[in-house]
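A.B. asks: Input: one structure, supplied below.
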Amino acid sequence: MAQPLESVLMRRFVILSWLGALLIGALGAPVAAYDGRSSLCAQSSGACLHGLPALQYQMLLPQMLAHPKPNGRSVPVDAQALYRHSLYQIDPNGITLYDAPNGTPIASLPQGFIFVGMRQQRDGWGEVRRGQWALLDQLRGVPASPFSGLIFDAPPAYPVAWVLQSAQPSSTPNIPPEPNAPVLARYTPVYVFATLNDGAQDWHLVAPAQWLPARRLARLIPPLKPAGVKGRWIAVDLAQQVLTAYEDDRLIFATLIASGRPETATGEGLFRIWARFRWDTLFGGSGADYYYLPSVPYVMYFDGEIALHGAYWHDNFGAQHSQGCVNLSLSDARWLYEWTDNFFADTWVYVWRSK
């Protein structure tokens, strides 16, 4: 009789944990002091391989080869949304609008963070609103991010993470990468097979002989489900800038987000989605801090005016970036919006901070 995947994975985890503890006890635990030049394992009494006790690494190697990347499916990229939302940012100091190319001034847009569409272009001018033209050299085209998260049909075999900036991994923790080391591209999803601390920071093993420092990764850290939450719910981890979606206790979806900057931090707590709109206009602030963002897609309000929504104006997912809302890529925002379609009034949003 076939056994459930979850029980097989749990039994494997328990066995590996027990054997790992036995091996570390036999080979000698890493000492606390660290000279910054050699691996932690090299300071233990046993043989080591790529930063781990040799036998422990050899036990992990078949698993790393069998699981070269997370088992999630990428959310399909919404090409139409990317095209539709490739808008233009105006000069932050404000611009004048004219009734025609080289025509008469008829209006102006103030200083701030303001985006406009583009109806047509002619001779160095662009029609940004019906009958209103601006010089193209006062506009900056901003392509929407093609990033998208992962859908899970089964629990991930190991902890999941994303590479935040393109980086070469080290073959051993706290050792500079070799010149010919592969480059892990930004937003690449990876598994974390082992974690070591060198006394200053954590290092994560993401593939055979490939270690990255923790600051290079955003990790999916499963939250504890809040009491009373049932059915479909969403968790936003402010520390890792990772959003996860669950059906009861089953992970369905995970991705990178951009929450509020420190001065406009997204509030923690348990909320319910109270309103949602396929399109909305977001604006606020004053002076140089004024912002006007038309046609923001897939908006779901959960904490007053704070919402989950797509963001076409930046590609900075995995970092604090917003005025307080939870920014998603356009493809992820659409997927989440449609996933909650018949359940939005019952969908909880849990904003928390992992340790």
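Cβ coordinates come from backbone N, Cα and C, glycine included.
A TrEMBL annotation is a machine prediction, not a hand-curated record.
Grabbed the feature section from TrEMBL, which reads as follows:
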ACT_SITE  H309  active site, proton donor/acceptor
ACT_SITE  C325  active site, nucleophile
DOMAIN    232-352  domain 'L,D-TPase catalytic'
A.B. asks: Counting each residue once, how many in the domain 'L,D-TPase catalytic' (232-352) are helix, strand and coil under DSSP?
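C.D. replies: Final tally across the stretch: 19 helix, 62 strand, 40 coil.
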A.B. asks: Round to a whole number and give the Cα-to-Cα distance in Å for the pair the residue listed as 'active site, nucleophile' and H309 (active site, proton donor/acceptor).
C.D. replies: 8
A.B. asks: Quick one: give me the count of other CB atoms within 10 A of the CB of H309 (active site, proton donor/acceptor).
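C.D. replies: There are 26 of them.
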A.B. asks: Can you count the other CB atoms that lie within 10 A of the CB of C325 (active site, nucleophile)?
C.D. replies: 26
